[in-house]
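> Okay, here's the structure, questions in a sec.
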Amino acid sequence: MWQETGQIFNSPSAWATHCKKLVNPAKKSGCGWASVKYKGQKLDKYKATWLRLHQLHTPATAADESPASEGEEEELLMEEEEEDVLAGVSAEDKSRRPPGKNPSEPAHPEATTPGKRVDSKIRVPVRYCMLGSRDSARNPHTLVEVTSFAAINKFQPFNVAVSSNVLFLLDFHSHLTRSEVVGYLGGRWDINSQMLTVLRAFPCRSRLGDAETAAAIEEEVYQSLFLRGLSLVGWYHSHPHSPALPSLQDIDAQMDYQLRLQGSSNGFQPCLALLCSPYYSGNPGPESKISPFWVMPPPEQRPSDYGIPMDVEMTYVQDSFLTNDILHEMMLLVEFYKGAPDLVRLQEPWSQEHTYLDKLKISLASRTPKDQSLCHVLEQVCGILKQGS
């Protein structure tokens, strides 16, 4: 536990990496066990001693497995992948900072080199029924399959309509970087028709350690919502190379968001989460997978269980044209990620048939407005991205 903040870390690596990123976000991360000392000796020395003692009395196959806590292999692999990547906001921050009065960027780096496929090894989804009660040793990045309302004999408690411009901007944002991205959703809630209409996406453009920029972006989001007469109705984030399924951490964050957006009033107001998976190798084609989900509280008789991630059906509403707001946000995102080490290099091959730029265009094509005359603007933006990379 970090005594100053009360924050809990599941391993020395998680704590040490968090501290490094706070001090210098651009610093390459390494093994946390070798970065922490106890009584003048690095923790990796204690770990090596423990392993030697236990392996003397344990069969080789069991010895290889027993010292590793659940998720430790994933943690070590993620540390290796982060060597060349500029970090975003930590996973701990994502679960601790729901979009209340002051939204902030819950971006967690899930970066790999372009084209590298590691998801099948480190992020295999589990079924909700296999989770059981909460376990502090369970990896918070464990992905969970969503459940349909029909499967539990319930009706979806609200209707959802999402603008094509929302998905267009969200998808564009998710394609730009090998790290997770995050943003907020603006719209309206009609209590009479029980309809949640998502009309606008607000990408977050800030990095860990840059509190001033993050605060400015947050204020900008709320000013934009106010000026447009919109309410905060949800959030989005990406799993760049993993399935578009929520993690245990995402489930807890979404449950917290739902409670906060509902506020102190007795009236029900939903909060929607959208997950985008642009580069997951299991996607059927170049188009990103964008999945909405909502969290149902655990049964009253099992309050220590995780919330249940529910699959949400939504209506897709095609806009007539790309607004100047959307184009402006795209340009701001281009400028923000230009030159960053986790920028996706669009000129490089994504597959044998397509470059990353081709893939981006194909994915956005399904989310374009009815008026195709502004597509040349997308070409210009992609050209700037290509130059910047």
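The first residue you see is number 1, and the count goes up from there.
Any Cβ shown, glycine's included, is placed from N, Cα and C.
Quantities reported herein were computed from a predicted structural model and do not represent experimental measurements.
The region 'Disordered' feature in TrEMBL is assigned to 58-117. Sequence annotations record features per position, and here TrEMBL assigns compositional bias 'Acidic residues' to 70-85. Residues or ranges marked as domain 'MPN' by TrEMBL: 160-295.
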> Would you list the DSSP helix, strand and coil counts for the residues of the domain 'MPN' (160-295)?
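Output for the domain 'MPN' (160-295) reads 45 helix, 45 strand, 46 coil.
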> Where does the mean pLDDT land for the domain 'MPN' (160-295)?
91
